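Following: one structure in structure tokens, then a few remarks.
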């Protein structure tokens, strides 16, 4: 669709009668939306700006040497995990179980030395712009009533992982739980111990061959191989291609995209996919449909590192949208031990921002009042170190808490179902309005 036709489509006043043109415009949100549409430059100008951004991101990625924990002189030692092959993980498990057997035979019982994943054992490192896990551990003895069940679950999970790796297969976390429902009681128990085991063996969770069910989806200007099968993400319809839960089978990433667009929710993803936004502005569009899973976080990082593309994010204007964005950027506290493989620190916050609600005159009836829990979540975010070092984030969060208003991405649909793809996002890209 040409720029002229697109403006005509979104601007009914262009073909209205003379009597219609006499209506007052000052306080009308819909008329203001039409005015914004007229501010759009030709797509060629916006694409030119995006090409410069993409080139600058690629050049910076090629010239800058990645900083790791080993390069820093930290006052506390940290624990990080790495990708290990099946043989190495099996060997680590067998050595651990041999030490347990020796302890039992010597009459001392057995105990697991488990790294602590408590908040008090985590540290935000500004030079890395991500959360890391400090090297502090706690004992999990079988002979103690308070830890006997957790020690038993740990031994059982180690046994199951050992069997999976010997068979060279992958299983889901749900599969793992159903192998011994009576022992685990709840999947949260087996999931938590699975993370403990990753820390104990100093390997990524992917190295254990235990994955979550498919959640994230991708669409747009991307071609890759999924276990040898060629996948063209421009031919995946509005539902997109499910991101494989075992990312190690993904290879051969190819793209002519200028950026990656990370979307919080499925509804906005479907709007972008159906409107073929990636054809107008060459991009790769992803969503984890809410809280990001490990596979989606790994996939985003691979796109960023291997394709050297800038990543822009579109989330709800509320504390939980920002929490989701922060997980992509600097990691989750639950998996801080693997933050080196799961984070993209320089993601740019495109929208929807609290300041956008007035800037784009989102109608009052489309804004939602923040609950006390929302306000508390916003204030808690302001106390996070990674937020404090970003002046733009602080300003937006303070505005959100002061106005006590939030809004979903879908609030933009009040101006028209395609306003998101035809006006809001193009204007954001044109103005390079991101944090």
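Note: Cβ is positioned from N, Cα and C throughout, glycine not excepted.
Predicted automatically and left uncurated, TrEMBL annotations should be read as such.
Your range for region 'Disordered', going by TrEMBL and the list 1-34, 35-68, is 1-34. Cα of residue 316 (Mg(2+) binding site) to Cα of residue 178 (active site, nucleophile): a span of 35 Å. It is 264 that, of the binding-site residues 264, 316, has its Cβ surrounded by the most other Cβ atoms within 10 Å. Counting in whole angstrom, residue 178 (active site, nucleophile) lies 30 from residue 264 (Mg(2+) binding site) by their C-alpha atoms.
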